Structure formats: C-alpha cells, structure tokens
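Chemist: There's a structure below that I have some questions on.
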Amino acid sequence: MLRRRLNRLFGGDEGRVHSRTIYVGHKSCPPNEAYIPPKFCDNRIVSSKYTVWNFLPKNLFEQFRRIANFYFLIIFLVQVIVDTPTSPVTSGLPLFFVITVTAVKQGYEDWLRHKADREVNEYRVSVLEDGRRIRKMSAKIKVGDIVEVEEDETFPCDLILLQSSRDDGTCFVTTASLDGESNHKTHYTVADLESDLQYLSATIECEQPQPDLYKFVGRMHIYRNSQEPDVRSLGPENLLLKGANLKNTQKICGESNESSVTQWAFMLKADPFFSVFSGGFLKVSQFTLEWRQKWLSTTRENRKNGPLWRSMSVARTADEIKQVWPTACCNQHCYFRSINAFLLVYLFILVSKALVCTTLKYVWQSKHDETWYNEKTQKEKETNQYLKMFTDFLSFMVLFNFIIPVSMYVTVEMQKFLGSFFITWDKDFFDPEIQEGALVNTSDLNEELGQVEYIFTDKTGTLTQNNMEFIECCIDGFQYKHGDGSSELDGFCVTDGPVNKIQQKAGREREELFLRALCLCHTVQVKESTKQRQDQNDQFDQIDQVDGLGLDHGFLDPPQKEMGFIASSPDEIALVKGAMRYGFTFLGLESKNMKILNRNKDVETYELLHVLNFDPVRRRMSVMVRSKTGDILLFCKGADSSIFPQVRQEEVERIRMHVERNATEGYRTLCVAYKHLSAQEYARADADLREARLALQDREEKLMAVYNRVETDMILIGATAVEDQLQDEAAQTMEALQGAGMKVWVLTGDKMETAKSTCYACGLFKKNTELLELTLRTLEDGGRSREERLHDLLLEYHKKAVQDAPPVKLGITRSWSVAGHDYGFIIDGASLSMVLSSSSEPNSRRYKNLFLQICQNCTSVLCCRMAPLQKAQIVKLVKNSKGNPITLSIGDGANDVSMILEAHVGIGIKGKEGRQAVKNSDYAIPKLKHLKKLLLAHGHLYYVRIAHLVQYFFYKNLCFILPQFLYQFFCGYSQQPLYDAAYLTMYNICFTSMPILAYSLLEQHICIEVLLEHSTLYRDIAKNAMLRWKLFLYWTALGIFHGLVFFFGVRFLFSNPALQDNGQVFGNWSYGTIVFTVLVFTVTLKLALDTRHWTWINHFVIWGSLAFYVFFSFFWGGIIWPFLKHQRLYFVFANMLSSVSAWLVIILLILLSLLPEILLVVLRKPRGPHARQKKSSAGDPQSPQSPARPLLTRTFSDESNTVI
C-alpha cells in the first residue's frame, strides 16, 4: 500500500497506473517468451470490520468519539480521581451499560459478516488447469484462471466470457444481487477463439479497476503461431460481474434437450476499477470504497459501521451505503438539531448550578465557624485555595451531572430500530401482485417521514404503472391504429386493422420498412418456444420475462402464442408486440442473424453488423444490418428531440403533429428513422467503431463521436405511441399529500406534453391552474437571444407568482390557500441548464434565486426532459434553500438513484425497471398509493413519538436533579447527595426507561384512520413543531414546578418532628427516599396521562416499573450487603412506609403535581376538523365516537382529541 502510494505520488510505475496485462491460463505470450507471473491479490473476500485482536480497542475508540459517551467518561474519571460526593458507580454503571449494549450489537453484526465471508470464500468452483477440471475454493482463485460456471450458479469473481454452450456465443445473466435489475441481460463471448481453451494463448490488457459497475474497457491479444496477434475489443458486454447469476441460456435453435448449460470464462483481477477482478479489487468492492471515502470525508458524526459489503449477497452494498448516506451527506435530522440546542441549555444550567453552589459554599464558610463534626484535615488546610475551589466545582458538576440524559441516546436508537419493524409488518403495504411488502433499509429516518415538505417524484413507473401497451403508430404522417371500428383523423375515414387492410395511405413499401425497423432496432431476445415441449391441444400462454409483464395474445396465431420476450425495458417489448399486430414477427437472433416473419409468412434474415447502444445523452439507439441482397441499412429509434435534428427537416412537420398530439393524450412517443449506407460509408463506420472499441482511454467519448457521425442525414419514417397507465389511486395520493402541505415536483425525462397530461390526470395541475412555462419553445419566442428571454421570463413569472400574490397566513403556503391563484411551473432540461449555469456568475445566482422563489410559490412543478444528474441538482437546490426544508425523492428506476441519494429521504418503488432504486433507497414500497400511509400515518406518529420522548427525557431529568440542587441550600453546600447511589444509578436505566420506550413505539395520539382521512393534520407537526422552544420551555417549567413540589412538599412534612409511631424522626436518607418515591411515581403517571393508545404492553411496563421500584427498594434496603462499606438505606424504605404521614404526603404530592395537567385537559374544549364529529356522535349512544375520552396533555395538537 505504501509503495503504491509512493509510486503514484512520484510518477513511478506509469504502466501500473494506466493499464495492466493479464495472461490467460497463466501462459506466456507469445509462447517462446519467458513467463513472469504478475502479482495480484487473491480472491479472498473480507467485509468484516473487526478481528478478535482489535475489536475491543477499535470499538471503544469509535464509541468514545461520541460526545455524550466522552462526556460521561470524563465525569466517571473525575469521580475516580477527585473526592466526589457520589460513587463512581453512579456514572460508570450507566456508561458501562450503554457501551456494552452497543459493543454487543456491533460485535454480533460483525460476526455475521465473518460468517458470510467464510461461506463465500469456501465456495467450491471448477477451474481449468493444464487441461484438467479441478475443484477449488473461491478464495484460492487466481487472476488468469479459467473458471467454469453452470446454469443458476453465481459467478465467484469478475469474469470475461470466452465460451458458451449456446451456438450464438451468448449467455443470459441476472444482476439482481448487484444493482437490483431483475431482467435478463445478454453477454457475448470474445469472437473467434479456439474451441479448446487448453490451446488458447492470449493476454488481456485493460485499465486499472474503477468503481463504475457499468464500465469496462479492455482488449484481448490472441497469439496464433508466429503471426501478428489478433486484437479483440472488450467491453461491458463481455464482462460477468461477481455476484451475478447465470440464467436461461438454452439454444434458440430449438435444441431443448440440454439439461444444464455450461460456459467457460476467464477470470481477471484488478485493483479498483470495474469488473473482471477479485478480492478487494472487485468492481463492486471498489464502488463501495468510493462511497465510503466520500462519506468519511464528509462527516464523522452519527457514524455507523460503514458500507461494508457482504460478499455472498452483494445486494446489501447499496443498502448499507444508504444507511450512512442520509446522516453523512444530508443535513442533520431535525430532532438532532433540537436535541443539540436543548443540551446546550441544560449544560448551561448544569454549569450555573455548580458555579452557584461553589460560590455560596465559600460565602457560607466565611460566615460560619468550622463545625466540630466536619473538621478539615491537615492536607485540606494545606491545599491551594483555588485548587480546592476547582475541585469543589468539579464535585458539584458530578453531583448534578444527571441532568444530562445520556440514556436518551440509547433509547432513541432502540426506538428507531424497533420502530422500523412496524413499517415492515404493516399489512396494508403488502402487494399481492409481487407478493412483497414494504422494506426498510435504514431506520434512522423514521421521524423525517413526518417532516417532509417537498416530494420529488419520477413519472414512468412511479406515477404510472410502467406497463406499456402499443396504441398506434404514424407512418409518413398517416395514422395506423389497431382495433375494431373506425376512426376519422386528418380528414380521412380509415378502418383500423392490419396494415394491408388500411387504405395503403403510406404506401406498402414504407409500411413494411417501418415495421422492419420495429422488428430489428432493439435488444429484445426471444424466449425459447414451447411448441416442441407440449401438444398443440395443451397450449397455454406464456409470460414475458420483463419483470412480470404479461403478453396479450388475443391477436396472435397459435404458433406465435407461445413466444415470449426478454428485454431490459418494457418499451421495447411493446414495440415488438406492436409490429406483431400488423403482421411482422421478430423470431430471434441466431449467430448474429436476426430473423423476422413478414405478413406473407416468409422468413427474412438480416445480419446484425453493429449495435449503437442507447444512452441517456443521445436518447436514441441504432442498429446496422445487412440484408440478403447485400444492402446495408441503419435503423434508429429515439426521442423526438434527439431524432428530429438528425433527419431531413422537410420530413419533420408531418410527423411532429402526430407526436405532439399523442404526447398531449399522455402517450409515450418514439420516432423511427433509417438510412442506406453505401459500401464506403459502412467501411468507414466499421473501421471507426472497431478503432474506438479497442481504445483503452476515452473509449466512450470516441464511440459517441462515431455514433453521432453515423446517425446523420437519416430519413424519418414515422413514430409510435405507447400508453403507460396511471398507478392505482395516484390522483387520491397526490391530493392527500398536497392537502398535508407538501409540494410535489415531477422530475421526468419524458416529453413535456406527455408529462403535462400525466400531471393533469394525477390532479397536480387543475383546470384553473395557470401554467408558467420556461422551455426552449418559450425562450425562442420573441426573436431575442435565449439569455435575454430567460431573464425576462423569470422576472415576469416572479412578479406574477411572488410579488403580486396576495399575502398568506403564517404556516400556510399559497398552494393550500383558496384566496390565492394557483400556478403551475413547467421547465425542461435545456432551460434548467441555462438557469443553473449561466454565462456570468452573478446572473447564475440571481436566476437560481428567482427560479426557486417562483417554484416555491407554485402548487406543483413539472421538470421534463431531465437527465439523472439534473434531477439531483434540483433536489439539492431545494434542500439547501432557506429553511433547509426536508425533501423526499421517490422513483423506481436506476435513473432515479441520483435524486434518491440526494434527498433527505429516499423512497424506492418495487416496479418494473429493476431494483436499483430500491437498493439505494431508505424505504421501499410496492406502489405509489402506499406513500400516503407511510407519510401521513407512520411519519406523523413516528415524529410525535420521538418528539415526546426527547421532551420527556429532559423533563424527568430536571425533576430528578432540581431537588438535589435545592438540598444544597439546607446542608451547608457540603455536596451531600439527596439520593442513595443505587437510586442515582437505576433511575434512568430501570425505573423510568421502559415506559417511555413503550410509549415511543406504540403511541397513537390520533388513530390511523383519522390521520389518513384528514391529511391536514400533517401540517400541525410541520416545521419541527413539537420540538420548538415554546414547548421546550413548557416542559422545562413543568419540570421546575414538579421539582419544587417534590422538595418543599416533603420538607413541609418534615417540619413535624415526630413522624413515626414510636416518636422517632426520619433522617436525611428517609427524606431523600420520600422525594425519590414521589418523583418516580409522578413522572411515570405523567406519561400514563399522556398515553392515548393503551395496549397490554403499556400497562405491563408502566405498572411493572412502579412495582419493580417498590420491590427493589424493599430488597435493596432489607438485606445487609457485604460489599457495601456504608449501608445507607438499610430498612429505610420499609420504615418510611410504616408511617401514615409518609403515605399521605406521597399521595398528596403526586396528586398536587398532576392536578394542573388533569384540570387543563378536562376543562379545555376540543377543536379541530373532527371535533364536530365528536359532538354529533355524543348524542348517538351507538356511535363508536361516543365513549369517554382519555386524557391528553397540551404537548399534542388539538386534533388529538380523537377516540382511539
């Protein structure tokens, strides 16, 4: 490691920095050269964090980096070193409990990692060595080994595909454990290799590893005899990643008798780049390390275990990355900010108490002579006065340090961890279609679900079902719509049906050319036919392997009914099905030959020359094919914005009208074009493509340049329209979220017209909504430059939506105000780029501010034609705006991952675009409709619970320490503790911990049905409403009031010198025990008054805690403990309860403390949207709302007067 860093620092070993050479089968190349084995790491996986030797020091170091743990460690050390009034056990035992619980939890998790590592490293694989097939452990695989993998097995390392049992040299894999994509992906063997790999002599040259899972650049040099080596390009299509599974690779020629499919692959390794590597240098491992470095460099607070990937199931990597991402790269949790502020206040109170007592102690001593019973020792007399004052100050700090609630952190962690299970267990989130429910990837953000202000949603697969159905197509400006009946369009009456029955409007040749383009321009694979597997009489419809997408067979002939398709996108399946409706059927790909069945039932064969893959920048894909006649054709399909500039402009207008009309109707549109390539044009393109694919540096840029050069001067044929239906209850969900006060922004890559239609269907845009449009079309109007037009439009929209808008009441934004005029804002990707990156820096900042203010005053915002990076930029812009609003992003595809990671809360939809969004999200739900309950019910309740938990902890600790502070005024500031050491230790650990934990898990101050019905209740807790200073001061005042009642109430009792029947008086430990008894019962019963939703668990922990306190006090004081030097409470508790006066005072003080709370709730009139429901149901004896209502404290909203 040190040598590598020095080499990189001083420029040494340049070859290692840029590329590496790997010998296939560990053979020298050429054969006559000496073979020097390169040094690479082995394939052993280590994802664990600790070892037996470093667990204790490393874990302790990490835990004491937390401020709270470090603070109590200092207090404990002060108690050990300085002569303090309390035992070190009082601070050491709670600290030991917290440290031990955390260490056990982290140790168990790391043991699971070690166990998983062993399973992976000891996995047996087949390796070809010297012509023999041997079995060895996965950890012992070396770089350069040739590995055999069978069907349904997992790739043990990163591999280059050399041979396959399929005739076409392909294989199918699934990468669900890597990126969540459940669809089959096609990978290709290296072309023109020896059939017997034993005689293969080759080297592979590739870049050093990098963390991008989807990028691989390399080339293979194949040596034959003394000839010059043949060079083959290597890319992601040749790469098999560790953790992926080999799937259905049966031969499409129809030979279905092969029971197992075997393939040979070459095992590569590298350091930190892509795949084809092993051990810690696997592509997937390097991806994790990159995220981990980013996280570590961002923050070191609230740190977890880090994104340590499990080798056996690499799918966990994204989950663990996301666990630390929100706390590392986003703003702090809203409640954490409040806790930190409250801690500063209580720390100021602690220091103030210690200073006051230290000062008054020396004032008191100056006015009183030294008492005979507390004479100073000679050492004390000789001690420096200032040092003695400092030690006294530390002693008072130790005496009062329990005002800082250290156990609150443990309780919060337990509440988060256990509370997340309620989302997973919620049966309403279960979707019978996919047989899955909700998934919680991180429990750190439960309360953030109750504070969301902005929702950023994808369109396709999120607002819509991503269930594509071919609706119609347009050829040369004429519409073709399949179905029965007739439709009149463009002045012509046409009879819908097969192409040959339409009035030949576009010409037969153009029609067939268009349909051939649909059959050839794609990456669809045909699933093997079942014709030879079963009798024709027993035929049944197959299911397409596109994430469960079903195939409609009503229009197919019986032989075609058995055909299924495999594709990475449902759009491509829909287009292939659309061509089948009009008589052109794609039969599959055999050895680089694509076969289609035309409507004359003739099989046409085309040689597949090149595939120009789709990418989000070009937004199109192309294929080069050669027909039997020798003609070379380029077919291209893509978005209209990417196709129109590449075709002859005189052909655009007749297609544009249909595209815009289909987009307005909410359909997804694609344009189709073609181009005849001459022999010279193809030769040049082929040479350029081969050269670009052999490049190790900047391969993607070079390929992009070739693609753009080839895809020019094309001829536009037509366009397609595919329908994507809305998700179930999408409109109701959006209405509820907007009613709850959340702003919904739609970020999509689709056309503006399509996305606008979807927004209207979802209710985001209403009929009376005035749309403010900032797109290229509006920027080009007026004949001025785009920069000037952008400036004018932003000022115009700002004046309309912000300056001229009527004032709105505090806490209610314009989108919920009836008096305000509703505005909707639409912007496209090109305009957004101008807003975010203007030519001048001052203008850029001004444009951003204007854009943000306009959007924040609109009911909804639509951002269309967005690239994934632009989605993240918008989320970041809003997240970092004034007030730091809580943002939520929801999506279902890999293109949504960037905005999901950028937002405070990321939600993944278990849709049909794979599971990459799910793997990178905080929470995953099956459908969009489940977002309503997740936020309005679970989010609302989680926030209320944790807010009450935080306030309650500060309150009960103030009640605990205030009597101790007051006691110093009556004991000469001698640092005499009021409570026994056992009570100091057990108060937060045992006596008061379980009731608040149960409350924070089970409380429902408003029933879930009411929360879902009245979405406006969500606004009552917005902006961190329950952790504001007003409520904090209320709880603090309540704690002071109770502390005063406890102390002076008991002191009033002790004004009577004889409290026992025998005439004896109580001592100071009896005094403290009575105060502590009143304290424990009062704070526990206060929580019982706050509880609205009673379960047997609440009853058990509340009454059980009180019973345990009584039992412990009897037990602790009823036995002489030999390990105690001073038995302070011996028989004190039993003696105290023998006095009727003590019983009377305890009961009266508890009632007196809680009486204001009881009166406040009883006398307060209910308000809120369902208060009228209560009144109406009060007169109906059979109404479920009529029973008597439990008590409620003012800490909850007025809406909480709801019957549970």
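Indices start at 1 and increase along the chain as displayed.
Even glycines carry a Cβ here, placed using N, Cα and C.
Fair warning: this is a prediction, and the values are worked out from it, not measured in the lab.
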Chemist: For the annotation transmembrane segment in TrEMBL, which listed range does it cover: 940-960, 982-1002?
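Modeler: Residues 982-1002 are the ones TrEMBL records as transmembrane segment.
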Chemist: Counting all other Cβ atoms within 10 Å across every protein chain shown, which of the binding-site residues Asp458, Asp892, Asp896 scores highest?
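Modeler: That would be Asp896, with the most Cβ atoms nearby.
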Chemist: The transmembrane segment (1141-1163) and the transmembrane segment (1069-1088): do they have three or more Cβ pairs under 8 Å, with pairs 6 or more apart in sequence?
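Modeler: Yes, the transmembrane segment (1069-1088) and the transmembrane segment (1141-1163) are in contact.
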Chemist: Considering only the recorded stretches 64-82, 982-1002, 1031-1054, 1100-1121, 1141-1163, state which has the highest number of Cβ pairs under 8 Å to the transmembrane segment (341-364).
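Modeler: Comparing 64-82, 982-1002, 1031-1054, 1100-1121, 1141-1163: 1031-1054 has the most Cβ pairs near the transmembrane segment (341-364).
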Chemist: If you run through the domain 'P-type ATPase N-terminal' (37-91) with DSSP, how many residues end up as helix, strand and coil?
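Modeler: In the domain 'P-type ATPase N-terminal' (37-91), the DSSP-based counts are 27 helix, 0 strand, 28 coil.
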Chemist: Mind giving me a neighbour count for Thr460 (Mg(2+) binding site)? Other Cβ atoms within 10 Å of its Cβ, every protein chain shown.
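Modeler: Step by step: centre on the Cβ of Thr460 (Mg(2+) binding site), count other Cβ atoms within 10 Å, giving 27.
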Chemist: To what whole number does the mean pLDDT across the domain 'P-type ATPase N-terminal' (37-91) round?
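Modeler: Within the domain 'P-type ATPase N-terminal' (37-91), the model's average pLDDT equals 80.
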Chemist: Let me spell it out: take the transmembrane segment (393-412), skip the flanking residues so only those 6+ beyond its ends count, and list any with a Cβ under 8 Å from a Cβ in it.
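Modeler: Distal contacts: 66, 68-69, 71-72, 75, 78-79, 82-86, 90-91, 94-95, 97-98, 101-102, 339, 343, 346-347, 349-351, 353-355, 357-358, 946, 949-950, 953-954, 957-958, 960-961, 964-965, 968, 975, 977, 984, 987-989, 993, 996-997, 1000.
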Chemist: So what's near the transmembrane segment (982-1002) in sequence-distant terms, Cβ-Cβ under 8 Å and 6+ beyond its ends?
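Modeler: Distal contacts: 86, 89-90, 93-94, 97, 402, 405-407, 411, 414-415, 418-419, 422, 945-946, 948-949, 952-953, 956-957, 960, 1072-1073, 1076, 1080, 1083-1084, 1087-1088, 1090-1091, 1093, 1095, 1097-1098, 1101-1102, 1104-1105, 1108-1109, 1112, 1116, 1129.
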